[in-house]
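Below: the structure, in C-alpha cells.
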Amino acid sequence: MIALLPPIDRDRRVALLLSGPAGLILLALFALPLGLLFAVSLQAPPGTPPGPSLAAYERLLTTPHHLGAVWNSVKLSLAVTVLTLLVGYPASFAIARAKGRWRSLMLGCLFLPLSASVIVKAFAWTILLRSSGIVNTVLLGLGIVDAPVRMIFTETALIVGAVNVFLPFMILPVYAVVAQLDPRLSEAAATLGANPAAGFLKVTLPVTMPGIVAGVALVSALSVSAYVVPTLLIGERYPTLASTIAKAYLLTREPAFGAAAGVVLLVIAVAIVVLSSRLAREGRA
Amino acid sequence: MRPDDLSRRTLLTAGGALAASLAMPSILRAQTKEIVVGGPAGAAKYFNEAVFPAINKSLGVTILYEGSNSLTNLQKMQADRGAPKFSVVIMDDPVMIKAADEGLIVPITAKGSPNLDRLVAGAVHRDGMWANYQRPWAGIAFNSKTPAPASWADLWVPANKGRVIVPSIQNTEGFWNLLVAAHLETGKPFAEAQYDIDAGFKKLKSLVPSLLNVYTNAPQAMNLLEQGEASMIGGQFSAYTLTRKAEGAPVDLAVPKEGGFAMPSGIAKVKGGPAPDLADAVIDAFLGPAVQEILVEKAVVAPTNTATPRPAGFPDPATLFAPDWAFVARERGKWAERWTTELL
C-alpha cells in the first residue's frame, strides 16, 4: 500500500509511522502530565467557589516575596549562562585544537567531574570557601585580606558553584560544533582581507552559533530550575521557583500554587530556548 | 525528598520496593512475608543494619524500607491512596496529624500490637492512631572544642556572631528555636509561650545577624559544626548529633538550663495497606523492648516502652517538653511564609 503512493507521500507516511511510538510516549509521559499540571494550577483556592481561577498565578506574581523567588531563578540562570559561555566558548576551541594525549586529557577533565554527584560538588565548594578553606587561606597568605572573608552561603558562592556544576553542559555542545569546524575557514577569511576580529565575528561566530544556542538552552534551562545547588550553597535565604514548588507541595500542601510556579518555570525555560534560537537565526541571517 | 536522602541504599531499597510492588501480586507478597515500610531516610542505616534483621529473626518478615522525609512520604501516601504501597509508616507527629486528618492511617489496637499498652504516658495519640516508638531529645548541638552552652540565650551572644546555624521551620526541629524565642521574649513557661508565636518571631529576628545559615539539609549543617565553621546548631537533636559523636565527630548535645524538648517519632498503620496482620506485628516489634534497646544504642534516643531500661546520661523523658503538635501542624504553613518574608 505504502509502496504504491507517490514518493513524497510515502516518505511522510513512513516518517509518521516511525515517529509513532516516540510520539505516544511523549504524549503519555510529557503532554498529558503537563496538561494536568496546568489544570491543577487553575484550581480555585480552598474556601472559594470551585471553577477555574487565576488566584495562584496572581499570588505568585504580585506578592513581593514570591516575585523575588521568580527573579532569583531568572537572575541565577542569566548569570550562570553568561559565565559558562565566557569560560566554555574559548575552552571548546582549546579542546578542539589540542592534539592526541592533550585532547584526551582535556576531555577527561571535562567528563570525569560529571560522574561526581552534584551534592558532592556542592559540599566540596562549602569546604573550599569556608573561613579556614583554601580560598581564604590563599587570600590571607597573599595579604589581600586581613581577616577571613565570609564566602559560604552568599550569592557569589552560589554562582561560582553553579558555573562549576553546569559548565560541561555548555562546553560539550559548543565543542561538538567547533570540532567539525574547518580551520581553513578563518585562514580563507584572512586571505580575503578580514582582520582577526572581523574573521571571528563574520565567520567563526556564525558557524559555531548552533553549538552556542544548544549550550545556552541547556545551561539556562538547567540553572533556572536548579534545586539542589541553591539549597546546599545558599539555603533558604535565597528562595527560587524550584524551592517554591517543593515548599508548596510538601510543606504548605497547596498543589494549585505549586503547579502555578511549575507552569511559570516552564514558560520561562521555553521562552529562553525560543529566544536564544531566534537570536541565533537572526545572527546568521 | 531532600538531596541527602538519596543514598545508594535508599535508592536500592526504593527500587526494590517498587519492583516488588509492580511485579508481585499482594497474595504472593503475603506468602513471602514481605512488607514495605516508609520512614525517614536518616534512619535507613541503623534500621537496615540492626532493627530489620532483628525483626526478621523474630517474626520472619522481610522489610523493604523506603527512606525519605516525612512530608515526602505523606505526599506519596496521598498519591497512592487507592492502592497503598506502604503497610507501615514512620513519621514525625505533626505529619502524622495531617495523615490522620486526611484519612491515610488507621488506629493501632492492643489486640494486634499488645505493646501499645506498655508505653510511657503521652506516647499513644488519638486512641492509637499512631504511637511514639522512640523519643530523641533536642537541645543545642555544639562543637566540643568550645564550651557547652548553658542557656538557650547563648545563641544570641555576640561572640557567636556568624557562627550559629538554625533549622528551617520546614523541618520538625525548626519549631524549637521559635518556641525558645517566644519563651525568652515573654518569660512565660514553654507551655504558654508556645502559643505566643508573634513574640517568637520578634525575638528570632534579633538572631538573624548571628546566623551562618538556616538549614533544611541536616548533614550539611552537621558537617559545618564538625569542621568548626559553625559553633552551635540551635534545636538539633540526639538521634542526629549524638550518633555523629558516637562515630568520633567533635560534636555534643547540650540540654540548656531552660530545658530540652521531646522530638516526636511516630509509627502508624497505613489504611488499606498490604498485609495488615504483618503490619500489626511489625508495629508491635517497634513498640517492644527488644527493638527499642537496639534504637537506644544505635539512634541514641529515649525509649517509650516502660520495660526498656534507660541508660545513664539520657534525660528523663518526663522532663522534656512536648508541644501542642496539632497547633504546630495547623499553623506551620503560615509560619513558613512569615519565616521567609520576615526573617530571611
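All residue numbers here begin at 1 and follow the chain in the order shown.
Glycine is no exception: its Cβ is also placed from the backbone N, Cα and C atoms.
Summarising the annotation, TrEMBL assigns domain 'ABC transmembrane type-1' to A:70-276.
Same-chain residues lying 6+ beyond the ends of the transmembrane segment (A:14-40) with a Cβ under 8 Å from its Cβ atoms: 2, 255-256, 259, 262-263, 266. Among the features that TrEMBL reports, transmembrane segment is placed at A:14-40 (among others).
Residues annotated as transmembrane segment in TrEMBL: A:76-95 (among others). Residues 103, 106-107, 110, 158-159, 162-163, 166-167, 169-171, 174-175, 178-179, 208, 211-212, 215-216, 219-220, 223-224, 226, 230, 240, 268, 272 of the same chain lie 6 or more positions beyond the ends of the transmembrane segment (A:76-95) yet place their CB under 8 Å from a CB of it.
Residues annotated as transmembrane segment in TrEMBL: A:107-128 (among others). Long-range Cβ contacts of the transmembrane segment (A:107-128) within its own chain (Cβ-Cβ under 8 Å, at least 6 residues beyond either end) map to 95, 134-135, 152, 157, 160-161, 164-165, 168, 171-172, 228-229, 232-233.
Taken from TrEMBL, the feature transmembrane segment applies to A:158-178 (among others). Long-range neighbours of the transmembrane segment (A:158-178) within the same chain, counting only residues 6 or more positions beyond its ends whose Cβ lies under 8 Å from a Cβ of the stretch, are 76, 79-81, 83-85, 87-89, 91-93, 95-96, 110-111, 113-114, 118, 121-122, 125, 129, 207-208, 210-212, 214-216, 218-219, 222-223, 226, 229-230, 233-234, 238.
Per TrEMBL, transmembrane segment is recorded for A:212-235 (among others).
The feature transmembrane segment is assigned by TrEMBL to A:256-275 (among others).
Within its own chain, the transmembrane segment (A:256-275) is flanked in space by residues 34, 37-38, 40-45, 53, 55-57, 59-61, 66, 69-70, 73-74, 77, 216-217, 220-221, 224-225, 241-242, 244-249, which lie at least six positions past its ends and keep a Cβ under 8 Å from the stretch.
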